[in-house]
Amino acid sequence: MSQKRNLPSWMSSRDPEITPSKSHCKKPKDEGPTEEHNSRNAPSNKSEHAEPSSNTTEFSKLMEGVVFVLSGFVNPERSTLRSQALTMGATYQPDWNAGSTLLICAFPNTPKFRQVETNGGTIISKEWITECYAQKKLVDIEQYLMHAGKPWRKSSSPQDANREKREHLSKKPEKQVEKKTETRGTPSTSSKNRSACNLVKEPFFVTEVKKWARDDLSQTISWLESQEEKPEPGEIKRIAAEGVLTCLQDAIDSLEQKQDIGSVTELWSFVPRVVKELGKMESSSKKENSTASKEEVCKQAKSWKKIYEAELAKPGEDESTSRVACGYDSDMTVEMTEEEIELAYRNVSLECL
């Protein structure tokens, strides 16, 4: 259950050119020493001995095929991001065009963001570049997606790229290939499985999930305020956020125990949208007789929970602006009588003399 949700290889961070068949080739036992020596030098087996390259060479090729554009950044941050991506083998372009594959964007919903979104391009946050550079490997790109579009790197083979896009999420891709060959004669069944599985594999945009979090918090606060027994005004936001996350965690626990999410929603008077969306994914996979399992829905739920935790931890606009403008916490205000004020004034005057 702790494994990360697998993505099609064009959306994952693994090198698409390296396959299990190339990295686990074995020699027949009956081959002699001479045949082994000749096979090492044969052109057909070069890929076996090409992998163990130096760390420097591998690092400089991590982002080969990535053609990126930067938007919303100023120096020195802009030059740092550009330098890091170039060091890992990516290609820089000053503006988006037909040859671009990836937009690294500082803010959502900017003119450049909408342009690339309309063109079907993939958009990520800067943290993916910095994490790849720091860890010296391609980290999972999913949590950094701001918009999932076309492949974020150019594939060496167009046929491979098309095939990779069609692959379903699965823990064991080998079994999935076998299943495709078995169901080749029944297109209606396979098409149902594909459409339902897409509900799980096609990620909601991160910006959309963040909006869910803000809306869920606002609606939970409104619900709490409408109750006869309501929390203190200074505690209501914290309690609302804890309630949303607790409900989401209950849904995750239910999925881990192979139970329906409906068993959770029945117990809560107010159900956040994120839990409702998970319930829709679960029920759709059942109706379509999909191969999508509770484990896949659970992985999606855990991914969304991380986004919710980060979004709900942010201070609200009213909270942050009031503290900056006023310079004090209103909860710390002390009421004083006229005599206390007069006494305090005299004490301050004496200290100043």
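Every residue, even glycine, has its Cβ placed from backbone N, Cα and C.
In Swiss-Prot, the annotation coiled coil applies to 240-260, one of the ranges 93-113, 198-218, 240-260. Within the domain 'BRCT 1' (58-146), the DSSP-based counts of helix, strand and coil residues read 34 helix, 16 strand, 39 coil.
Mean pLDDT, taken over the coiled coil (240-260), works out to 87 on the 0 to 100 scale.
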